[in-house]
Amino acid sequence: MEAGKLFLFFSLLMLQFSFCTSQDSIKTNQTIKDGDLLISKGNTFALGFFSPGSSSYRYLGIWFHRVPGKTVVWVANRNHPIIGSSGFLSINQYGNLVLFGNSDQEVPVWSTNVSMEVADDCVAELLDSGNLVLVQNGSKRVVWQSFDYPTNVLLPGMKIGLNLKTGFERSLTSWRSADDPGIGDVSARVNPNGSPQLFLYKGTKPSCRTPLWPWRGHGNRQRSLYNMSIVNDQDEKYCIYNIPDDSLVLIIMVEYSGIVKKLTWHESESSDGQWKEFRRNPQYRCDFYGWCGPNSICQPTDVNRFECACLPGFEPKYPRDWFLRDGSGGCVRKLLESSSVCEHGEGFVKVENLILPDTSAAVWVDMSMSRADCELECKTNCSCSAYASIEIPGQGDGCLTWYGELLDLKYDLTENYDLFVRVDAHELGTVFLLSDKSNRIILC
């Protein structure tokens, strides 16, 4: 009889222990210790302690719960690893999440560090989106969320970009290595200057970029898998994506090797499944930022053909390098005796089917302006090197103008924007544009 009662007692104890260590939320003074898990209600994500690669250090992170092997999507203590298995997470008396490396509870290795306007108990909950949220019990206000502090993975519904009112920036940063989730030197961030663009940086040097806002085809190239867009309004400029198919598991990951990978999870009857890469960037030569230097276009077509071509009115800066298929020096304006692009009969030549130049030195003149007025605006400013008339959803055509060198252009039939390049009168009178059978403009 006593043995039966003892068995029942331990069974109930284990059941309670299992519940406590695999719930989806914690309250004030509750803890998540090394070995415990927070699991989102739909069993999609888990939060707990892990050791990356061959490292013995412990980190608090979030990973896919139903995907074999820990695919970590967020790390709390990136630069402050815990030695040993004595770490634990709790909510302190001030309502903040705090992570300690040992039981002395003197100095946390990480905390949310939020100043609460009103004293209120908080609850931390792991959502099925992968977002860890800290919510005030009374007001139900979210006072902190992990989506505001991305690591190296962009999940659906997560923003990267800039809040113009507060100056707060969200960006992706790579791990240092497979064994170290510390902040690496590869990052993805939105450049808000001119027209917003998403850049990949190696240190402070741009590695590649997306087309500028507003996207035409780029955001929907993989529309059967996901929809990606850049939002540009008075308050925020950010990049975000969503997945129409809820059964699809898709992530965008910035790797320490210097590339961005887009991965989907594929189940398999014969194995545990695997991540499959369906896109990476940069992948081709024309993907690399400024591959052909300033004032030139990269043409990602025939691999046996030199991919760089000067814009109308320009010639290679280093002809010998150009002959040797090194276009990194770019192009300069042709040195003709009669050459002048300021109040000497100059005009504009249209170059079609482009991903437009880097807009870091560009200006939106007006969000609603005819092409003729846009050209006049550029022509009356001798520093204006090119312009584009761009359709803005719900507003009409906007006028975007560039100043100085034109950087990082390439042909792309999915974006197919037209750029009007400033040239002198002599160049205007010269026939130098031909069309091939695909109606694509080729520079000679």
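For all residues, glycine too, the Cβ spot is worked out from N, Cα and C.
Note that this is a predicted model, so its numbers are computed, not measured.
Taken from TrEMBL as is:
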SIGNAL    1-22  signal peptide
DOMAIN    23-147  domain 'Bulb-type lectin'
DOMAIN    282-320  domain 'EGF-like'
DOMAIN    342-424  domain 'Apple'
Rounded mean pLDDT for the residues that make up the domain 'EGF-like' (282-320): 92
Residue distribution over DSSP helix, strand and coil in the domain 'Bulb-type lectin' (23-147): 2 helix, 52 strand, 71 coil
Secondary structure content, the domain 'Apple' (342-424) (per DSSP, counts of residues): 9 helix, 41 strand, 33 coil
